[in-house]
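Pulled from TrEMBL, these are the features on record:
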{"type": "TRANSMEM", "residues": "B:20-40", "note": "transmembrane segment"}
{"type": "TRANSMEM", "residues": "B:60-84", "note": "transmembrane segment"}
{"type": "TRANSMEM", "residues": "B:104-128", "note": "transmembrane segment"}
{"type": "TRANSMEM", "residues": "B:148-166", "note": "transmembrane segment"}
{"type": "TRANSMEM", "residues": "B:294-315", "note": "transmembrane segment"}
{"type": "TRANSMEM", "residues": "B:322-343", "note": "transmembrane segment"}
{"type": "TRANSMEM", "residues": "B:382-400", "note": "transmembrane segment"}
{"type": "TRANSMEM", "residues": "B:412-433", "note": "transmembrane segment"}
{"type": "TRANSMEM", "residues": "B:478-496", "note": "transmembrane segment"}
{"type": "TRANSMEM", "residues": "B:517-540", "note": "transmembrane segment"}
{"type": "TRANSMEM", "residues": "B:588-606", "note": "transmembrane segment"}
{"type": "TRANSMEM", "residues": "B:618-637", "note": "transmembrane segment"}
2 protein chains.
Amino acid sequence: MAQISEAIRDGAEGFFRTQYGTISKMALLLALVILSIYLFRNTTPQQESSGLGRATSAYITVAAFLLGALCSGVTGYVGMWVSVRANVRVSSAARRSAREALQIAVRAGGFSALVVVGMAVIGIAILYATFYVWLGVDSPGSMKVTDLPLLLVGYGFGASFVALFAQLGGGIYTKAADVGADLVGKVEQGIPEDDPRNPAVIADLVGDNVGDCAARGADLFESIAAEIISAMILGGTMAQRCKIKDPSGFILFPLVVHSFDLVVSSIGILSIRSTRDSSVKAPIEDPMAILQKGYSVTIVLSVLTFSGSTWWLLYTEQAPSAWLNFALCGLVGIITAYVFVWITKYYTDYKHEPVRTLALSSSTGHGTNIIAGVSLGLESTALPVLVISISIISAFWLGHTSGLVDETGNPTGGLFGTAVATMGMLSTAAYILTMDMFGPIADNAGGIVEMSQQPESVREITDILDAVGNTTKATTKGFAIGSAALASFLLFSAYMDEVASFAHESFKQVDIAIPEVFIGGLLGSMLIFLFSAWACSAVGRTAQEVVKEVRRQFIERPGIMDYKEKPEYGRCVAIVASASLREMIKPGALAIVSPIVVGFLFRVLGHYTGRPLLGAKVVAALLMFATVSGILMALFLNTAGGAWDNAKKFIETGALGGKGSDSHKAAVTGDTVGDPFKDTAGPSLHVLIKMLATITLVMAPVFL
Amino acid sequence: MAQISEAIRDGAEGFFRTQYGTISKMALLLALVILSIYLFRNTTPQQESSGLGRATSAYITVAAFLLGALCSGVTGYVGMWVSVRANVRVSSAARRSAREALQIAVRAGGFSALVVVGMAVIGIAILYATFYVWLGVDSPGSMKVTDLPLLLVGYGFGASFVALFAQLGGGIYTKAADVGADLVGKVEQGIPEDDPRNPAVIADLVGDNVGDCAARGADLFESIAAEIISAMILGGTMAQRCKIKDPSGFILFPLVVHSFDLVVSSIGILSIRSTRDSSVKAPIEDPMAILQKGYSVTIVLSVLTFSGSTWWLLYTEQAPSAWLNFALCGLVGIITAYVFVWITKYYTDYKHEPVRTLALSSSTGHGTNIIAGVSLGLESTALPVLVISISIISAFWLGHTSGLVDETGNPTGGLFGTAVATMGMLSTAAYILTMDMFGPIADNAGGIVEMSQQPESVREITDILDAVGNTTKATTKGFAIGSAALASFLLFSAYMDEVASFAHESFKQVDIAIPEVFIGGLLGSMLIFLFSAWACSAVGRTAQEVVKEVRRQFIERPGIMDYKEKPEYGRCVAIVASASLREMIKPGALAIVSPIVVGFLFRVLGHYTGRPLLGAKVVAALLMFATVSGILMALFLNTAGGAWDNAKKFIETGALGGKGSDSHKAAVTGDTVGDPFKDTAGPSLHVLIKMLATITLVMAPVFL
């Protein structure tokens, strides 16, 4: 056991070092680009009035960017570090009791999750405090506190930049290894998953750690950071517009909400206790029910603390009942999170109709299985979109009618209401992330158990945990995409505010009836399709390299199949690592370069045709359409992938002929297709959506 | 031969009757709905000034709707009528020479194509002339000629309504029969395609006629009708704004362009002549090259007639060089069409890299084949989007700088420039449609040859024609989606004009920064995903019924495999027919009901929150986002499907192990998945995009 775990640890840490080495080089390069852009940008009227020079503004943005990138890297490292150490402990606990194994996995996942949320809160708090003191905010003649959050945008961009490459590289790694191992091992040679004879098995287990743990950590870190910053910007703008005397409550509110998240989620995690009497052979309790119980505890506490925070920070004399409206917005967000989790479960759990129908379609062959899975995925976008629509509108109207009005008496709280709903949605993020991190740890533990040839009963326990992990992983993705959808709407508003402030003129509308703006939208949606294509094909190509290597080893070392020879695990690890690093560059570069190029080209076109804001408008349309298409595409990819995976699992329980039947073979094909969908392209799209929002904010000077 | 052909004819005509029976009942119902809506609508200032009463306006719209529906039905019938008669003639010609078979297939396809384009031109011309005389247009105190085209919108909606259900029903029919026949015949029993022992083979051949011939005819009829009407509306509006003395040139221009299309395409078709010396065993010429030559002839002539028409009709004294700019717009359109055809060929023809890579990925299994195909399809959206973007911008700017200015001196020709480019793109529609119609006729001829067990050499000839037909079918889809993209942008402008005219206030902007409008967009994109899901799953479900029936027949009549018993072809035909009629309702109803419901709900919401145009704005966003997502999704589905089909064909030429190898099996899976993509969901999306544009125009009173 220890030996296997060590091999996994070495592989994961080796890949992490190389991957983050590459990422940090790119980040430094980008930092230089940002620096030079900002040194040549215009200054805003606010900056001029506060005496914030061009150079200061440039250094601030770059410093925030680098800090965001660094923090994101640290969270990724912690996620991986914990996970490669917890896996072996979980597998040895599984020899004693299911409950204990569950508890260890949850605690380990919880630790990483708390670090992720904590880093986001602390990073932003430090930046905020530093700038506050350094720039002498609120003292006469200098910057106003309401303008401060805009300086933090670089942090969000840094976080999303690292998250994008972490998710792409890790996602390609984990799925290429998985698909490659399965194609030769399971399909061609007929050996079980995670069998020690498969030369790619260690690479597969390493993938769980670098792909799922490290990458999802970076993803949610980025979500929370982006959401905190955009909510701070919106809160600041609104407070200024409403002439609220002390706006700091509105600005600091997001930080407080997420600090409470740390507390309530910890309580939720600790509520999952190991009952010592489980050794007396009690029937194995459904781990999903245990996790769900913890979630309920977290949600109840979160509703209480959230309402308390709104009353504490958002109470103003101007609108005495505003805090209540905002508390309701938070409730909308919490309910949305809950409904999203439920919808994802409905479409991906084999207890429900959709996955059963999908499994049934496997009985008529590979082709019908794929058609049914694609249809299921496409169809599953409908309910989440309806839910998101209802929450945006209701949160907006709750905010709008909160009683907060600007100088001219117009209600202004609408957008902030949406922001509060987003915070509500993310107010249980640490617990959700715990459930997610738990999955790959359990998966890994199962792998170690299988590889070290433990008795069947131990494997059974880890199998149950693994199946639960699959469901929680799928639901977390639903949660992540829901919050991305809400957050991007906020970031979009922040972008328009920023453009208006730099362009010295009002920028309130993005009119899609203008041909160029329409084309911006077309390009934005296209970007999503192309990005998904490249992410999927990267997995396909890398998997083919793995397939060739595994086939080669089986041919050259015929003794492997009889356990007489040991496969060369290291070669597969090396091949996957170098291929996934190479393959992550193309889609990543596409995501970063295209909004900048589009914005710049249309800025030039606008310049020659006498329309000064054209570039910014086209980028706004690109951002909006990319967001909408990205949400739908990510929902499609995640759900289809999850459903295929569980349809296969359903058949493996003995339904429709069970393991080895033709239905099972067709279901395995579906699972293989679903792997890059749900673990590479889909999650990368979450990050992409938010990265587009932050990159347009930071790069706005290029378009103007 | 005659017997088989008769069975196909009976099946096709039987389905056509039932299908169009259902469609006409729905059309009558919808006509009643439109009538009652229009009897309660507001009148526009123009109508009031011209004395066009509410009742007259209602009857005009309903009459136009019904005429459009009728003409669309007639074109569908002609397409099917010709095709079920030409197929047997082509198969007997194939016994003599390839060239003769090609010529008959092309002439038959050409006849249908000319009928389609002719019907569109004549239908609109008749309506226009009738209204002109009946309403006493241009006489003092009555309607102005520039307002006339808006009355024709019902015609476009009628055409798209019928086309939607024709495409859905036919598409589900043809692919369910095809997939069902292949899954049991090819995969399970290992008998060749179109083998007479397969009980579903007649249903498959019927499908080619009702799905491909009838449906594509209705699709392009609708494209042309919608494009003519929107160009007439735009031409009228522009002429009025520029105070051009005789605006009829601008209004009638689209009709003239498409009349010339009939002439130039006929010449192109006739240029494909049978050289009688082909009987002296000349090596078979590449039929694709012959078709391409005819296309070149058509294009050259079309450039000439198009430029002539612009000079003749669009010359005004106010802007003496405007006609030249518009001629260049037309050229932009023609080039766009050519480039689109080329891009589609690049991605779907196995002479080029993408399909070869796809075929290679089949060698590592079903899963990698699907992943590679999905990536290919997603990636193939990029180039067409770039081309569309460039053409919209350049046509817009050519129109904008044409010298046409409104009263206040602002250039106004931009949008009309885009309209002219669309006309340019469609100015060779009859020839393109000929190439498309040719495909299913050749396919059918091949089926008849195989079923009547002709010698190998005959089958070889029809196989070559069939392969060419596959490529031309794919390219026509590229063409159809390109023109849909351009046309929908025009229809969108027409919608905004119409809303402005009914709402008695300016409606120039659709601002996606308003939450409700953003949600309209989200819902629009979601509509595309859900529609595609339902279209694909309809095929999957129907195919499963076919699979069960075919399996039953093979089990109950074991003599079928030894040619001792005859399969019951009729039962498969009946099952597919009734299932596809049932399955076409759900996606069709979704497409028609959802824009109306969304518009109405947000109108009510807008009413209570004091924003009068909210419903119209939300629908505008829905329309725009649905158009963008629809274009991308259709490109993805069409290209992926075409590429899978040809990757399979490439392997069947002997590459990568050839027929029967594992690679081939994986490629067949891809082909099966691609079938509903490229022949049901994809083409239905073309129609959906344009139907959304016309339904919003006709139903605008509901949203206001």
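Yeah, the Cβs are placed from backbone N, Cα and C, and that goes for glycine too.
Remember, it's a predicted structure, so these values are computed and weren't measured experimentally.
Segment contact is absent for the transmembrane segment (B:60-84) and the transmembrane segment (B:322-343), given fewer than three CB pairs below 8 angstroms at sequence separation of 6 or more. Scored on C-beta pairs under 8 angstroms, the neighbour of the transmembrane segment (B:618-637) with the top count among B:20-40, B:104-128, B:517-540 is B:517-540. Through the fold, the transmembrane segment (B:322-343) approaches residues 257, 299, 302-303, 306-307, 310-311, 314-316, 380, 383-384, 387-388, 391, 394-395, 398-399, 401-404, 413, 416-418, 420-428, 432, 475, 478-479, 481-483, 486 of its own chain, all at least 6 residues removed from its boundaries and within a Cβ separation under 8 Å. Counting Cβ pairs closer than 8 Å and at least 6 residues apart in sequence, the transmembrane segment (B:412-433) and the transmembrane segment (B:104-128) reach three or more and so form a contact. Residues 168, 171-172, 175-176, 179, 510-511, 580, 583-584, 586-587, 590-591, 594-595, 598, 602, 617-630, 633, 637, 675-677, 680-681, 684-685, 688 of the same chain lie 6+ residues outside the transmembrane segment (B:517-540) yet bring a C-beta within less than 8 angstroms of a C-beta in it. Between the transmembrane segment (B:20-40) and the transmembrane segment (B:148-166), the number of CB pairs under 8 angstroms, six or more residues apart, is three or more, so the stretches are in contact.
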